[in-house]
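Now, the feature entries from TrEMBL:
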type	residues	note
TRANSMEM	B:20-49	transmembrane segment
DOMAIN	B:20-438	domain 'DUF112'
TRANSMEM	B:61-82	transmembrane segment
TRANSMEM	B:109-135	transmembrane segment
TRANSMEM	B:147-163	transmembrane segment
TRANSMEM	B:315-335	transmembrane segment
TRANSMEM	B:355-379	transmembrane segment
TRANSMEM	B:391-423	transmembrane segment
TRANSMEM	B:470-491	transmembrane segment
Amino acid sequence: MSDPTPATSGSKPDKARFVIALALAVLAAVIGCEAWRLAAIPSYTAVGPAAFPTLIAIGLGLLAIANAVEAMKGVEEERPRDEVRPIVWVLAGLVGQIVLLPFAGFSIATGWLFAATAKGFGRGPVWAHFLAGAALCFVIYVIFAKGLQLSLPAGPLERLI
Amino acid sequence: MDTFGALAQGLMVALQPMNLVFAFFGVMLGTAVGVLPGIGPALTVALLLPITFKLDPAGSLIMFAGIYYGGMYGGSTASILLNTPGESSSIVTALEGNKMARAGRGGPALATAAIGSFVAGTIATIGLALIAPTVVDIAISFGPEDYFALMILAFTTVSAAFGSSVTRGLTSLFIGLSLGLVGIDLQSGQARVSFGVPDLLDGVEVTTLAVALFAIGETLSVAAAGSRAEEVIEPVRGSVFMNKEDWKRSWWPWIRGTFLGFPIGAMPAGGAEIPTFLSYALEKRLCKKPDEFGNGAIEGVAGPEAANNAAAAGVLVPLLTLGLPTSATAAIMLAGFQQYGMNPGPLLFATNPDLVWGLIASLFIANVMLLILNLPLVGMWVRLLAIPRPWLYGGILVFATLGTLGANPSLVELGMLLIFGLLGYVLRRYDYPIAPVVVGLILGPLAEQQLRRALAISVGDPVVLFQSPIALTLYALAALALFGPLLFYLITGRKAPVGGDED
């Protein structure tokens, strides 16, 4: 943080930031198209709904170029390698929760999320964490649904009460 | 309006037993989350928003303010004992504070941070109470073009203040602005960027975005770091009390830190990081024993901690008087006001004086509570750090999804949580700041509204935007903010602060 990075810059372009620049360009195009579509609709105000999106699309386009230019300068700082497995576990937890929620209810779905996240951080076994997580989430459900009148998705477990 | 009368009235509100309970709950929770890595005050307030929907507005906002202040105290504990700043405004505290802890002087380091935070917080809250009515008086004369200029200023300062380069800050900001476009345009009734998905017509929820970026993004990046993120907790050895020399060396840094932190926080200049770095540089220059810097100089803890807390109070000036959030937590608190159908700004002082002044008065109470609670309970806070990470982050995700489901029980909402979580991870991984995304989402639609209002009055003539002297001044400040990091480098001789998980 304190010393400027030595002469690694200029050596090889930063691929990841190129991808980010590309994503920004795509986003700029999407919003630009949207602005173009909105501009075609007659508007009765001095400034219609298309003006602000146009500005943002232009800004995004310029930033895509700026990011690409910075990417050309090369990697500023060597980024430590990220591990993929833990990320996959956490994502599996989140996706699994979305899939389970409609029919299994809040406790089971969120119990799975807890177990998968714990596994992602290297703590197993999954089934034990699932049971503990589901029990914990059931208690949370009771507190929130009964105490604070929040409607959380109910499943077979929740219908017992 | 008589400020002291209003403040006394506010004190009566804040001293109601129920509000004291809210304040107590807020500071305890805030300190706990400040200490814990990965969850900061912004996330906590975001998680609590849906839960507090049915509670009393004054009480909830007092609790949020307590969380905000508590988070600042807790953050310093984490940086001193763990060398991992809980939030980016305590990065500097970690520099000297952790060195002191390693040298067995963790107690005095914690004490000077806590007492300095108290001194700074109290002076800065007085400053807030004195300045707010004046700003409100000025703000009442603002036209839509001035508000638009003000938001441009907020955009530039937020993007320039956070992150490692202005390009990155602006990139984050524009992602937020793009998300702000989603939904039905209120003036023409046209659906924008929603691609026919009914759930998107209401726009992107601020809480969903904030929870996803802070909770899920953070969890993913900590998980990805795997075993490389091992941490060593320094035990607190020896006395927690400061000796006579510590007091003598802390006193002036506290005051100087306060007077650096409050004005910078109060200007729409974004966050509490810059004053902490300035204070550190200043104390290093003024210190009689400069060789101690880098090896645990108490001035290097006292000054930046005071600056940090003073800036935290300063940030409330633009938030309450102009409705302008300049930090992520302030942005979420703005969403909190909106949840109760209130818009912070000059009008709020007229329509809800009890609430505004009750909130300001409660800050004094929160400060006293934090001073009393913090040092005796430091052992308890340290034990929080020992929660195994798998359970901690598992719990964070459970509460993150719970908060989102509580606000809107829809699978699309959870899907957005997942997608924005991935976005948060990518932003963190490649060093893009998070706060501008949230600020862009909240302020983007407001800026558009003011812009269109201004242009409607002038019948489409854009010259109106650059006519008012107020607007021109604000644009000049915005330009200064964009080139500020360069000036910062020239003045202090070090690179402008690198944002981490800014709150």
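Cβ atoms here come from the backbone N, Cα and C positions, even for glycine.
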Cβ pairs under 8 Å between the transmembrane segment (B:61-82) and the transmembrane segment (B:355-379), at least three: yes
Within-chain partners of the transmembrane segment (B:109-135) [C-beta distance under 8 Å, separation at least 6 from its ends]: 1, 3, 6-7, 69, 72-73, 76-77, 80-81, 93, 96-97, 100-101, 236, 240-242, 246, 250, 253-255, 257-258, 261-262, 265-266, 296, 298, 301-303, 305-314, 316-318, 320-322, 349, 356, 360, 363-364, 367-368, 370-371, 374-375, 378
Top Cβ-contact partner of the transmembrane segment (B:391-423) among B:20-49, B:315-335, B:355-379 (pairs under 8 Å): B:20-49
